[in-house]
């Protein structure tokens, strides 16, 4: 059997690329619809389509790429690749087109394809996790809930709910919660490692503890109540408390001390949008003259997009055997996504002319993803550097183990939990052969923690 092309050798490759493409295309279509240059005629009215596709289309692709990369590292099993990966990516892509042209093919086929993608993704992940009795099942549960939010958004389009915003609020709430969970593991870890490698021994970010658990609990409560009853004043109070706690949490990670490394700094910048968005949302609910759109775009164009680009750039480098170093284009795309988010929120707050601010923000924000495609497209389509030798894989593992081997179902432990992987060269979990015996054998089929 012929080997799969590089583009289909890891879930992050097609889904990171496809997600970035769709971020640009969907935003361009939405901007054209706003100016009257075209009409988006589908099951969703234009604004609802924009919200749906940026959440369940763009973000959904990145979540799929991340999950398909992390699950094999949790379980020690071979990752999905080749034809099965192409088929899953095809379902996502066809679903995007089906939603766009749902006025022609009908909303039911579009909904079945779109919801079916999340069912397939959750099913694949659950099968792999359960096969190894792995403790990361709650992570799969979050993905399944995200798929349910997608289904609720369709139900609202069908008119089954009086509240037509329930689905997208649930989806956004889950994304913010995932950022809080995953960000709380990787940001202090990367910052600690970067500082420690440079001889810093004092004032390092601490391990997650009770304060982090309390912050996540209050954030989850605030988001849940906002999803259910978005206009109640008590919701604003809980969200305000969550925003303040998230601000303190971010400050404890000592981001400014690692500002010299763009790959680390952008994680702190992306996470900073979480408390900003929560506080703006709280202020809007509590009666301050702040439009809700400012808060929503702080959480989406700001936190969501920035964290996505931060993870996609880092993972694309590490999983293809490249040095974790930001290129000038990478720094540029970080600046563009940050500038685009600032412009969009400022336009909503009335700090800029609204029309001008919207246009410049859209071009700037989309430009960040275009630069990602230019800089990282060849990486995602190209082979792994070094040919994927066992030694290279072992060295790369130490670079990205804290990103791609996350134990994010709880906050009790401070260190990432490595998978109980076995050596596929030796083909034994007991690792009966030593590294010396394995060294000259054929290339291992997947990364292993053993040798």
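In case you wondered, yes, glycine gets a Cβ from its N, Cα and C as well.
Curation does not apply to TrEMBL; its annotations are automatic.
Features of the protein shown, as given by TrEMBL:
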- 20-43: transmembrane segment (TRANSMEM)
- 55-74: transmembrane segment (TRANSMEM)
- 94-121: transmembrane segment (TRANSMEM)
- 142-162: transmembrane segment (TRANSMEM)
- 168-188: transmembrane segment (TRANSMEM)
- 209-228: transmembrane segment (TRANSMEM)
- 234-251: transmembrane segment (TRANSMEM)
- 263-288: transmembrane segment (TRANSMEM)
- 294-317: transmembrane segment (TRANSMEM)
- 329-351: transmembrane segment (TRANSMEM)
- 363-385: transmembrane segment (TRANSMEM)
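Counting Cβ pairs under 8 Å that are 6 or more residues apart, the transmembrane segment (363-385) and the transmembrane segment (294-317) reach 3 or more and are in contact. Most Cβ pairs under 8 Å with the transmembrane segment (294-317) belong to 263-288, among the candidate stretches 20-43, 55-74, 142-162, 209-228, 263-288. Touching of the transmembrane segment (55-74) and the transmembrane segment (168-188) is concluded from the presence of at least three CB pairs under 8 A, sequence neighbours closer than 6 excluded. Residues 166, 169-170, 173, 176-177, 180-181, 184, 234-235, 238-239, 241-242, 245-246, 248-249, 252, 278, 281-282, 285, 411 of the same chain lie 6+ residues outside the transmembrane segment (209-228) yet bring a C-beta within less than 8 angstroms of a C-beta in it. Highest Cβ contact count with the transmembrane segment (263-288) among the listed stretches 20-43, 168-188, 329-351 falls to 168-188 (criterion: pairs under 8 Å). Sequence-distant contacts of the transmembrane segment (329-351), counting only residues of its own chain at least 6 positions beyond either end whose CB sits under 8 Å from a CB of the stretch, comprise 262-263, 266, 269, 273, 276, 280, 290-291, 293-294, 297-298, 301-302, 305-306, 309-310, 313, 357-358, 360-369, 371-372, 374-375.
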